[in-house]
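Undergrad: My questions all concern the structure below.
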Number of protein chains: 2
Amino acid sequence: MSELRWDPLKMSWVVIANERGRRPRDFILERETVHLAACPFCAGNEAKTPSELFAVRPGGGAANGPGWKVRVIPNKYPILRIEGQLDKKGVGHYDTINGIGAHEVIIETPDHDRHLADLSVAEITDVLRAYRARMLDLRRDGRFRYLLIFKNHGLEAGANVPHSHSQLIAVPITPTVVATKLSVCREYYERKERCLICDLTDQEVADGRGVVRDDGDFVVFAPFASCHPFELRIVPRRHGHDFGLLDDGALALLAETLKDTLMRLRAVLRDPAYNFVLHNAPPMHPRLGKPDYWSSLPYDYHWHIELVPHLIRPAGFERGTGFYMNPAPPEAVARFLREADLSVSR
Amino acid sequence: MSELRWDPLKMSWVVIANERGRRPRDFILERETVHLAACPFCAGNEAKTPSELFAVRPGGGAANGPGWKVRVIPNKYPILRIEGQLDKKGVGHYDTINGIGAHEVIIETPDHDRHLADLSVAEITDVLRAYRARMLDLRRDGRFRYLLIFKNHGLEAGANVPHSHSQLIAVPITPTVVATKLSVCREYYERKERCLICDLTDQEVADGRGVVRDDGDFVVFAPFASCHPFELRIVPRRHGHDFGLLDDGALALLAETLKDTLMRLRAVLRDPAYNFVLHNAPPMHPRLGKPDYWSSLPYDYHWHIELVPHLIRPAGFERGTGFYMNPAPPEAVARFLREADLSVSR
């Protein structure tokens, strides 16, 4: 079983795999596309995957059979395992937690050759419904402190299975970068009675130069202090801490924004590899209240999506210091994306 | 001129380039090796670079002429410029500083084909003397809050000029990851009257499983909570906050450790791309004392080097959340490196 370890100097958690007998050269290779005789994510190959946890089947039909539009399964090679109780230990100055968690795959389409940007708004809405369903289910598990939903598109972004999919990882800790955002928003709210993310979004909209699109429900902008070229933030204009509380109508509006954004990126950058991460408030800490208290809690966080194409490799010193160089001014990025010719986006 | 921008949500600084007229596809390409008719870093081509700032010339000779062993020059394409006064402004919720700083290149050898690991201990000592000299010079400039010394080796690690070199960047802010380490060490010292990095190193040495080498002066270990496969920390056993205070004898001992570590990595991983970063205490804040007060200040920080080979690409969600997966248990990494057959390391 893998193990989570806390570094008190860097103040961060890491998941350490505990596989044995590996040779050093197992770590030399870059990630490579997995070539499989038959793609386990394709329609008709349902038997090649673990049993499904959720599916959108408009015409009905049995679980693990055909007829689905979106299908969620446990990852066959999970980095964290669902079975067992949390075991937290100090090891001198370090802390450890055994590798308990969940690692799920959201298969976004039965069709091997269609990417997320190719799906219709209705189909993307189904993907978002799957995100919401899995989030609402997993947050009832008191062992998990945070639920990460993210997508890797393209080999450079870590997607070694080409069939379009997203992932959900439930972890027994709050990741560092998320914890920073949460505490910054809390402090800001306590001082000002306003949401920092609302205020930043208002400033971006008022300035306008970084805005890619704004339909009144969701705004997409290249943040003024973007760390990476073509980094984008997708923010709901209406303050809300919890993606899980969105209704189907809001999911459809988000799907429209997401499709349009991905089409623009594709038109301007020719199908770049990218990641997006859904930044949501964490589930309630089990000691703070009963789980359903969560759903009515007014909260100082504001959920959003961060999307980063992989255009340049960060040098290690950037990782080691947190000091990034961004060669693409966000104002220029937003202009390129606003002016994108969507007719060339396949 | 470039601009530093502060993101109050992510709590981090970024350098945004302000070049105009670039097309989107300028950001599509991965870094590529720069092919030059004649390498400007080679002996005999001194006129192709800006005037040198420092050189080791054992046989004497004029600046910018031949006969040097190590040569430091301003970067011809600096990300920050040395001329001008700091101009700090708020832009709504964001903060900005104009792109004042220094960006220097330490050419480690006049020979195009020798890497740092190929140099003798005496030659590497000269490289470290150059680090020290430039650090001591630049810290007299009150505009700079931090001096970053780092090395990129190999294209994947960001070295697009193959001739072996390191870099120094002086910045008007303290980078996020460094600031975290500094404040953690300060808090620990205030509570315990002990240094956190001394204590962590003692724990690693006592445990022993992560230790690669320990000659009593410098210890090299794969930290228990390493974020990256084959990540290594090089720590002086004697507590000291300031690399700049090392004498030539200590630099020679460090050079021996560094050469041995690089040879082991090369033997085990076949010349991997890597970065190392020198983590040093920042220069004294100009408001806190006169600059020479620095050199005698007892300090709660403990300088060290972090070395990370580029073996797997971090997926964006790792960058976006600070949540890393490390497939290589540090105990196995240390064992591989301890048992390395150095006769195969070229």
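The backbone N, Cα and C atoms fix where each Cβ goes, glycine too.
As annotated in TrEMBL:
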| type | residues | note |
| --- | --- | --- |
| ACT_SITE | A:H165 | active site, tele-UMP-histidine intermediate |
| BINDING | A:C39, A:C42, A:H112, A:H163 | Zn(2+) binding site |
| DOMAIN | A:92-172 | domain 'Galactose-1-phosphate uridyl transferase N-terminal' |
Undergrad: Are there any residues in the same chain, six or more apart in sequence, whose C-beta is under 8 angstroms from the C-beta of A:H163 (Zn(2+) binding site), and if so which?
TA: A:C39, A:F41, A:C42, A:I107, A:H112
Undergrad: What count of other C-beta atoms do you get within 10 angstroms of the C-beta of A:H165 (active site, tele-UMP-histidine intermediate), across all chains shown?
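TA: So the Cβ neighbour count for A:H165 (active site, tele-UMP-histidine intermediate) comes to 24.
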Undergrad: Compute the mean position of the Cβ atoms of A:C39, A:C42, A:H112, A:H163, which form the recorded Zn(2+) site, and then list in sequence order the other residues of that chain whose Cβ is within 8 Å of it.
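TA: Apart from A:C39, A:C42, A:H112, A:H163, the close residues are A:P40, A:F41, A:N45, A:D111, A:P162.
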Undergrad: Residue counts in helix (H, G, I), strand (E, B) and coil for the domain 'Galactose-1-phosphate uridyl transferase N-terminal' (A:92-172), per DSSP?
TA: 24 helix, 27 strand, 30 coil
Undergrad: Using a 10 Å cut-off, grab the number of neighbouring Cβ atoms around the Cβ of A:H112 (Zn(2+) binding site), all chains included.
TA: 14
Undergrad: Just how many other Cβ atoms lie inside 10 Å of the Cβ on A:C39 (Zn(2+) binding site)?
TA: 17
Undergrad: So what's the average pLDDT for the domain 'Galactose-1-phosphate uridyl transferase N-terminal' (A:92-172)?
TA: 94
Undergrad: Counting every protein chain present, what is the number of Cβ atoms, excluding its own, within 10 Å of the Cβ of A:C42 (Zn(2+) binding site)?
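TA: Its Cβ shell of radius 10 Å holds 17 other Cβ atoms.
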Undergrad: According to DSSP, which of helix, strand or coil covers A:C42 (Zn(2+) binding site)?
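TA: Once the DSSP labels are grouped into three classes, A:C42 (Zn(2+) binding site) ends up as coil.
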